[in-house]
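Down below is the structure, laid out as structure tokens.
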Amino acid sequence: MDFASFLTSLGTSFVIFLVLMFLFTWLSRRPGNYVIYYPNRILKGLDPYEGIRLTRNPFSWISESLASTEADVINMSGVDSAVYFVFLTTVLGILVFAGLLVLPVLLPIASTAPGEKADNTTSEGSFNDIDNLSMGHIQLKSPRLWAYAVATYWISFVAYCLLWKAYKHVSDLRAAALMSPDAKPEQFAALVRDIPPVPEGQTRKEQVDSYFKAIYPDTFYRSMVVTDNKKVNKIYEELKGYQKKLERAEAIYAESKQTSSPEGTRPTTKTGFLGLIGNKVDAIEFYDEKVKELILKLEAEQKVTIKEKQQCSALVFFTNRVTASSAAQSLHSTLVDTWKVTDAPEPRQLIWTNLPKKFYVREIRQYVIYFIVFLTIFFYMVPIGFISALTTLDNLKKLLPFLKPVVDQKAIKTVLQAYLPQLALIIFMALLPKLLLFLSKLEGIPEKSHVERAASGKYFYFSVLNVFIGVTIGSTLFNTLKDIQKDTSSIIPLLARSLPKSATFFLTFVALKFFVGYGLELSRIVPLIIYHLKKKYLCKTEAELKEAWAPGDLGYATRAPGDLLILTIVFCYSVIAPLIIPFGVVYFGLGWLVLRNQVLKVYIPSYESYGRMWPHMYKRIMAALILFQATMLGYFIVKKFYYTPILIPLPILSLIFAFVCQKKFYRFFQSTALEVASPELKENPNMEGVFRSFIPLCLSSEKGDEYQFEDALSQVSRTGSTV
């Protein structure tokens, strides 16, 4: 890539961002689009512009984001969202402080250096302007390399200071949320797994009740035995489907009375597959009969499920937070695979199918999934390496000669050089997250937020190993395969020199991600188009309309590893090619602004884990930092710097720092500290309400929970009262 192509890609990305931002400004002020741009505020009963001065200024959203506080974020989107902004702020601080020293010191040192041979540059082509500002321009054994060694230490120590401060701040946020005087149902419950076989003469619920009543005689309230809900849930989903169809048919009938004759036209459907085959019948009558039939079927199956399908897991409820927290972090049995008690997640987070999975089944599944992920990473590296190599114009012209007349046109060639490899990589990576979420769920994890954290970790390591390392060495291996076949020992220096040669690719990659990516995020063009198409052609009821514009959550499973990949890239090139630091600053700074707007106005959290995502992100930041330090160590060796061993302590210091942070802070993110659970509540909770909040929807009954759960509730529940 030459300098003109780089500037073209950067300029084009910036223009696209401006266009998308102005589109956002115009579209977000049209009342018909409020549900796309302000759903969070609307669902909380707030006016989209409440407390905001309506203006035509296209940059007003920036001032609104900057004026918002951490408390505003917590009130609108919870602690997890606030913790995500702590991550963005911390990374932004590291890059800004790093740039204050690195840019004014290293750029003049590189630009005034005598120069190095062409094979040690930071670009694949004739990008001499940036080559002259990079570490690749420094001669072998040059004393100027001391400045780069100092810069490596500076970035590392800035990271240590800010990460320590961030960990402490997130711990305080988590503590403040859990000490809230407002009662949260999950704080009065514990999840029990690996319950041993039922003793003769007892039922499962009697076994659970007697066990916990003996240990916690004064505070045990009741238990809920987990059941196999597969069949009852299937009936429940079918019932809900027919209720939606009935509501839709009634809406179509009511609409026909206004558009045609006063009597209207009753909708019809066919009784066969998807309403496409079979006898034609009156839709309203047919769906109404189906609903009544399924209600009776559901009630019958609920009784069977509760009586006969109880499993070796349960939820246990206590009358105060301290006991529940203490129980969740105590050893209840002499054997690790029986009576395993942990914190109960929020009711909406529970993955019911995973709760009964036994200890050794979970352990085996975990290792099998890790092995599958390892194979996935290994085999994905091959196609990603080829994509990075084949999507260069020279290689495309060799493989597809008929494209040569098209790609040789100057305008097309410039655009393709700027975007083709990056777009191919981004599209390829978009196919992966659902697979990793599915695999993480198979591990037997009991809660949604934990599944997302597990998938996020897999996605991060996948991204680093395949995108960062795969792209770095992929094109070099492709072009020098014959040389490696002749001399296999040449692979070591090849890998060492590959990193700086991919610098310009990643400069463009980061620019594309922050300008185009955040432009699309802000403008919400795709959700807007989909909503209006559904509204015009598909939606007939209010429920269907709400489903069409429901925004979902922030998507930590993909967003966090994407940000961490960018951080890894910026870290690893921060000293080799310091010009990447401003790109990293813009990426995380713009991300802070855009996502602040989205969190306050758009996204609806699907769960609250009170900051449990932070230790996950912290570990990956440390992994990126250690990779950066190892990279610099290797590159200094390539540069034949005599004093390279002075960098050896850095990875060791990072490991010690990570160990100290884990020992000091991490335990509180696993369990709730008793001093946090002990403050008085604003008012005593309704324990019956706490219990009912955990009843799965497929087992709830219009006749009342006491009737429905007569055989699933503990005996204690019959006399339980409000605390």
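Cβ from N, Cα, C; glycine included.
TrEMBL does not curate its annotations; it predicts them automatically.
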- request: Identify the coiled coil range according to TrEMBL, selecting from 36-63, 204-231, 232-259, 288-315.
  value: 232-259
Statement: Most Cβ pairs under 8 Å to the transmembrane segment (82-107), of 6-27, 145-164, 564-595, 616-636, 642-661, goes to 564-595
Query: Going along the chain, which residues at least six beyond the ends of the transmembrane segment (616-636) come within the CB cut-off of under 8 Å?
result: 87, 91, 135, 145, 148-149, 152, 155-156, 159, 163, 166-167, 453, 456-457, 460, 464, 496, 499-500, 560-561, 564, 567-568, 571-572, 574-576, 644, 647-648, 650-651, 654-655, 657-658, 661
Query: With pairs 6 or more apart in sequence, are the transmembrane segment (564-595) and the transmembrane segment (642-661) linked by at least 3 Cβ pairs under 8 Å?
result: no
Message: Can you work out which residues elsewhere in the same chain, 6+ from the ends of the transmembrane segment (642-661), have a Cβ less than 8 Å from its Cβ atoms?
response: 141, 146, 149, 152-153, 156, 160, 163-164, 167, 618-619, 622, 625-626, 629-630, 632-633, 636
Statement: Same-chain residues at least 6 beyond the ends of the coiled coil (232-259) with a Cβ under 8 Å from one of its Cβ atoms are 265-267, 269, 283-284, 287-288, 290-291, 294-295, 297-298, 301-302, 305, 540-541, 543-544, 696-699
